[in-house]
Amino acid sequence: MALSFVFITCFMILLDTSQSCHTPDDFVAITSPGHIMIGGLFAIHEKMLSSDDHPRQPQIQKCVGFEISVFLQTLAMIHSIEMINNSSLLSGVKLGYEIYDTCTEVTAAMAATLRFLSKFNCSRETVIFQCDYSSYVPRVKAIIGAGYSEISMAVSRMLNLQLMPQVSYESTAEILSDKIRFPSFLRTVPSDFYQTKAMAHLIRQSGWNWVGAITTDDDYGRLALNTFAIQAAENNVCIAFKEVLPAFLSDNTIEVRINQTLEKIIAEAQVNVIVVFLRKFHVFNLFNKAIERKISKIWIASDNWSTAAKIITIPNVKKLGKVVGFTFRRGNMSSFHSFLQTLHMYPSDNNKPLHEFAMLFSACKHIKDGDLSQCISNYSQATWTYDTTKTIETHLFKRNDFLWHYTEPGLIHSIQLAVLALGHAIRDLCQDRDCQKPNAFQPWELLAVLKNVTFTDGKNSFHFDAHGDLNTGYEVVLWKETNGLMTVTKMAEYDLQHDVFITTNQETKHEFRKLKQILSKCSKECIPGQMKKATGSQHSCCYECVNCPENHYSNETDMDHCLVCNNETHWAPVRSTMCFEKEVEYLDWDDSLALLLIALSLLGIAFVLAVGIIFTRNLKTPVVKSSGGLVVCYVMLACHALNFASTGFFIGEPQDFTCKTRQTLFGVSFTLCVSCILTKSLKILLAFSFDPTLKTFLKCLYRPVPIVLTCTGIQVVICTLWLVLAAPTVEENTSLPRVIILECEEGSALAFGTMLGYIAVLAFICFVFAFKGRKLPENYNEAKFLTFGMLIYFIAWITFIPVYATTFGKYLPAVEIIVILISNYGILCCTFFPKCYIILCKQKTNTKSVFLQMVYNYSAHSVDSLALSHVSLDSASHSTATTNPRPGNKTAACQNYKHLPVQVLAHTGMEKTMHASKTLHQKRSSSI
């Protein structure tokens, strides 16, 4: 581009220094004089003929391929200028125009621009080189055009030299918003930034993410594709392929590239949506070949061709699938429609395109409407000579309102806005100047006013933004077949500011919904409960769907990541679409195990009551008296009842009160029970003890009330400190995946262990004392049963420790309940059931005489054993005394002992036995 500019500059200097040249009138397409001249650049022909000269000479070649739609655009400019001239907007000032055909070539556009920049009213028509163009008066004051962005860029760089205003009606390349590189460029259409943003939004909203893109190899095509790629990525849309076609039809490779593009489309079977940034003649050739290959897709049309009648009228175009396009917002077209109906009365002597159209139309009048435009386009202008005196046939322009069907409303409205903007800017500039003079103002002055002008089209108000753009918005159009003909229908409007599509009625909303029925995805859609996992492809849209793991969920389609549930309060299974609240669990009253434990506790309480009744009714019997009396029995039975009742605090929803009560109630009541058993064990051991030393010690130790109060008091202190320093509290255990365990946190494991350990110490002492007195009379064998009871307690609680440590969940309290029940039942049964059995089933043995006889027999047996042990000791002493003087004579002593009379031993033992028996009998009788 820089080399081109140097070449142009040198070319302009040569023009200035060379001999004056002839005015190239044949290069001007349309002209009309005026006080203020406006230039126009339109691609009336689709291409320029290539030169066969070798070497090629610097000549402007003739153009072919008459474009009816662009011809209508030139008429729109003429009509808009005449509307201003016929209005009071510019009082006494007439706008003139010079319109040139660019032939879709930058070279022709630059040649026309050189003429625009040439000095006004100079016979030599040269561009004078100056360092300061502030007072330079060029041939025109402003330019409308060009249509294609690449041409506008080249022209704008030339116009920057004089800061001549250039207002484009169609160039949408985003780079043209850069006022540093293009300071004199303005446009009455939005930037491609908004169009590509709208396209990406439409694609995402329709549920597509795998699309193709086709563009031209020029500044417009490359910039549009890059901008769309950025917008697509932001909307999670991937471009499967990008095909680039030569920018000009004169390129010999264009047919090959079109075929390659179609082969790519066929190969990418999953791509059902294709975005097309092409010129009209590219799309025309592409679609004709696509119809031959029976390719049916959704085509996203850019504003370049979305309403082009030349393409809409392609035979069998409906076989291509759906075409959804973006076009500029339209305005009031009634005045222009009337202008077209009277076009035959318009003089054609200064309007070569009009005359050419009339001749081409006449030559193709035998062609039906569907092929008429193609016929006109295929005729070569090179075969025609213009006879401006020939009368234009009126009926040709009225044939089914032919020209009106080729009108592109969005572009026509943009041209009207461009002329209106210039008209209002000139009005503001000419308020204090005589604008009938050619040097009334310079182009750069008009540019300054134009940037800030506010104007109206009769309905809406407009002004250029800081980038020189007129953000009028877009219309979304859909090609639909109506009565056998393809028509363009408005589907929605796109609001640039809020990035939303605005539908006007239910029918258009239905059309939007129908688009979603077509799939264009690289991978199958991940349903809720799944997430996308990359497969190694460079495209993020290509993935595989994997299920969300446990405690994760996805509630939308095609989610990149599964969302995490709050593990403390919620959970989710594999492939979940939502989080579920964790169920709060605890050992409830209606639980089957809880019901069983409650029944056992109630049964235990019933047993306690039954024992209490039995003992109360048999209060004066020896069995009850030997048990310590009714007070001790009632205290123990009450403790057992409290132990059974304490299990109820382990069931049901945990509360602070129940958590604090259950352990302390059990601990204190069980300690009181064991303390009573301890006193009973001491009493039994004391009653049947024959060792004087042990008896003396036990008499000092045996203090029932202090023992019970002291032992129980220590446990009360332990529990009180526990409740004060680290009381049990309710805790939500959230470590399980699907439930919240509502449980009592004991507060202090040390305090809990101390409480249980203290009971164990007391139980062990009871066990020792009971074990010492286990060999009592058969009917008085309470110590043996107490030993069994303590063994049951130890076995239960030793088992409890590992089970409690390894059990988890709502049944953890049940473990302690079971242990409490086992130990409580064990002690209750071993302590009271044998006595109840004697009371109820062996009433004959529950008398004082039987008990006295039993005690007497046991005492006699015990004394006999004691006497025998004394005889043995005496014999041993005598033998020792005999042998001591002669240590070596031990055998003789033993032989002497053997010959002692048996009667002597028996007599000695009998005397001692009778004395001990009487004494022991008196002691046992007093206890009964």
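Note that Cβ sites are derived from N, Cα and C of the backbone, with glycine treated the same way.
What you are looking at is a predicted structure, and each value in this text was computed from that prediction instead of being measured.
Look at Swiss-Prot and you will find 1-20 tagged as signal peptide.
Positions annotated as topological domain 'Extracellular' by Swiss-Prot: 21-594 (among others).
The N-linked glycosylation site annotation in Swiss-Prot covers Asn332 (among others) and is backed by sequence analysis. Its Cβ taken as reference, Asn332 (N-linked glycosylation site) is surrounded by 13 other Cβ atoms within 10 Å in the chains shown.
All chains included, 13 other C-beta atoms sit within 10 angstroms of the C-beta of Asn555 (N-linked glycosylation site). Swiss-Prot lists Asn555 (among others) with the feature N-linked glycosylation site.
Residues 589, 624, 627, 630, 633-634, 637, 640-641, 643-645, 647-648, 651, 814, 817-818, 821, 824-825, 828, 832-833, 835-836, 839-840 of the same chain sit 6 or more residues outside the transmembrane segment (595-615) yet have a Cβ under 8 Å from a Cβ within it. For 595-615 (among others), the entry in Swiss-Prot reads transmembrane segment, with the evidence type sequence analysis.
Residues annotated as topological domain 'Cytoplasmic' in Swiss-Prot: 616-630 (among others). For the topological domain 'Cytoplasmic' (616-630), the model's pLDDT averages out at 77.
Summarising the annotation, Swiss-Prot assigns transmembrane segment to 631-651 (among others).
Taking Cβ pairs closer than 8 Å, the topological domain 'Extracellular' (652-669) reaches residues 586-589, 638-639, 642-643, 645-646, 712, 715-716, 718-719, 722-723, 727-730, 742-746, 752, 755-756, 759, 820 in its own chain, all 6 or more past its ends. The topological domain 'Extracellular' annotation in Swiss-Prot covers 652-669 (among others).
Annotated transmembrane segment per Swiss-Prot: 670-690 (among others), in sequence order.
Per Swiss-Prot, topological domain 'Cytoplasmic' is recorded for 691-706 (among others), and the stated evidence type is sequence analysis.
Residues or ranges marked as transmembrane segment in Swiss-Prot (evidence: sequence analysis): 707-727 (among others). Sequence-distant contacts of the transmembrane segment (707-727), counting only residues of its own chain at least 6 positions beyond either end whose CB sits under 8 Å from a CB of the stretch, comprise 635, 659-660, 663-664, 667-668, 671-672, 674-676, 678-679, 682, 747-748, 751-752, 754-755, 758-759, 762.
Tertiary proximity for the topological domain 'Extracellular' (728-750) is limited to same-chain residues at least six positions away from its ends with a CB under 8 Å from its CB atoms, namely 550-551, 567-569, 571, 580, 582-586, 653-656, 658-660, 662-663, 722, 808-810, 812-813. Marked as topological domain 'Extracellular' by Swiss-Prot: 728-750 (among others).
Under the heading transmembrane segment, Swiss-Prot lists 751-771 (among others), citing sequence analysis as support.
Positions annotated as topological domain 'Cytoplasmic' by Swiss-Prot, on the basis of sequence analysis: 772-784 (among others).
When Cβ-Cβ distances below 8 Å are used as the criterion, the transmembrane segment (785-805) is approached by residues 677, 680-681, 756, 760, 763-764, 766-767, 770-771, 774, 812, 815-816, 819, 822-823, 826-827, 829-831, 834 of the same chain, each at least six residues removed from its ends. Summarising the annotation, Swiss-Prot assigns transmembrane segment to 785-805 (among others).
Taken from Swiss-Prot, the feature topological domain 'Extracellular' applies to 806-812 (among others), supported by sequence analysis.
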Inter-residue C-alpha distance, Asn332 (N-linked glycosylation site) and Asn555 (N-linked glycosylation site) (nearest angstrom): 47
DSSP-assigned states of the topological domain 'Cytoplasmic' (616-630) in counts, ordered helix, strand, coil: 9 helix, 0 strand, 6 coil
Folded-back contacts onto the topological domain 'Extracellular' (806-812), same chain, C-beta under 8 angstroms, at least six residues removed: 585-587, 591, 593, 736, 739, 741, 743
